[in-house]
Amino acid sequence: MSSYANHQALAGLTLGKSTDYRDTYDASLLQGVPRSLNRDPLGLKADNLPFHGTDIWTLYELSWLNAKGLPQVAVGHVELDYTSVNLIESKSFKLYLNSFNQTRFNNWDEVRQTLERDLSTCAQGKVSVALYRLDELEGQPIGHFNGTCIDDQDITIDNYEFTTDYLENATSGEKVVEETLVSHLLKSNCLITHQPDWGSIQIQYRGRQIDREKLLRYLVSFRHHNEFHEQCVERIFNDLLRFCQPEKLSVYARYTRRGGLDINPWRSNNDFVPSTTRLVRQ
């Protein structure tokens with residue numbers, strides 16, 4: 001269990017509690033979680049973070065009424081900047097989006113502006129929102145993570161408790177390599193409910209070569225680990241930077257959706273540009 005799982009900042013969350021579903025607009029349903037909760041134990045300070053990045057959200061269950069009462073549907077794309085004070089708690093995000101269902105808006109841009117304003121207020125940071133009509137996305141191919149998949153290794157694993165021990169002495173030689181490694185075996189659990197979170201992860205780096213067996217064992221050790229998606233990605237970035245000391249590093253995870261939302265955080269210390277096309281399990 002994470003050291004901050006019982007922190008008072010989490011006590012008021014609706015996550016893990018019985019809730020009413022409201023279908024008229026209510027911005028107060030949104031709840032934020034301080035990023036400092038997981039950054040402080042990692043020694044990460046807001047004014048000197050070793051990375052930049054965003055939390056990319058896809059909103060699949062977004063609907064409202066137009067001015068004449070006709071329902072509208074869209075797919076939303078939200079990017080929340082890494083410098084925001086809070087991350088957005090996903091169940092509260094779902095409840096908030098449900099509150100649009102029977103609410104009239106004059107036009108699509110009013111919906112977009114409302115989302116941007118409310119999410120920015122909750123996160124206390126920069127948020128961008130784009131809305132897409134369904135025909136704009138129809139026929140879009142399933143994406144994939146570029147890189148070498150490290151999953152098909154003939155190894156025995158019997159430990160699923162999180163540990164950084166696998167990253168000790170995980171690099172070898174003095175030769176500098178530049179490679180992209182991919183795993184689809186990332187599984188962690190919600191910090192509050194302990195429900196499973198399934199994801200694929202892409203690790204791009206330049207530096208001494210990382211032992212792929214040790215890296216895979218490290219990633220599999222998240223299997224019983226309880227943390228939010230964004231926190232796991234920052235932990236992985238921080239651990240790789242600390243133990244493997246690459247010159248350049250980017251970590252990008254795309255998680256399967258829950259409640260009509262998927263969360264796709266990335267962190268990088270270079271000019272990494274994430275792909276935004278959904279993966280096969282999304």
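Glycine residues also receive a Cβ, built from the backbone N, Cα and C atoms like all the rest.
Database features (Swiss-Prot):
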- I88, E89, S90, H229, E230: substrate binding site (BINDING)
- S90, K91, R258, G259: NADPH binding site (BINDING)
- C190: active site, thioimide intermediate (ACT_SITE)
- D197: active site, proton donor (ACT_SITE)
Other same-chain residues whose Cβ falls within 8 Å of the Cβ centroid of S90, K91, R258, G259, the recorded NADPH site, in sequence order: F93, K94, G260, L261
Collapsed DSSP category at H229 (substrate binding site): helix
Spatial neighbour of R258 (NADPH binding site) that is closest, considering only the recorded positions S90, C190, H229, E230 and their CA atoms: S90
Three-state secondary structure, C190 (active site, thioimide intermediate) (per DSSP): coil
Candidate with sparsest Cβ neighbourhood (10 Å radius) among I88, C190, the listed recorded positions: C190
Any further residue of that chain within 8 Å (Cβ to the Cβ centroid of I88, E89, S90, H229, E230) of the recorded substrate site: V33, D55, L87, F93, F228, I263
Within 10 angstroms of G259 (NADPH binding site), Cα basis - recorded positions out of E89, S90, C190, D197, H229, E230: S90
Minimum Cα separation from D197 (active site, proton donor), reported as the residue among recorded positions I88, E89, S90, C190 that achieves it: C190
C190 (active site, thioimide intermediate) versus K91 (NADPH binding site) - Cα distance in angstrom: 11
Euclidean distance between Cα atoms of C190 (active site, thioimide intermediate) and I88 (substrate binding site), Å: 14
Fewest other C-beta atoms within 10 angstroms, as judged across K91, H229, R258, which are the binding-site residues: R258
Largest inter-residue Cα distance among S90, K91, R258, G259 [record-listed NADPH binders, Å]: 9
Among the substrate-binding set I88, E89, S90, H229, E230, as the record gives it, the longest Cα-Cα distance in Å: 11
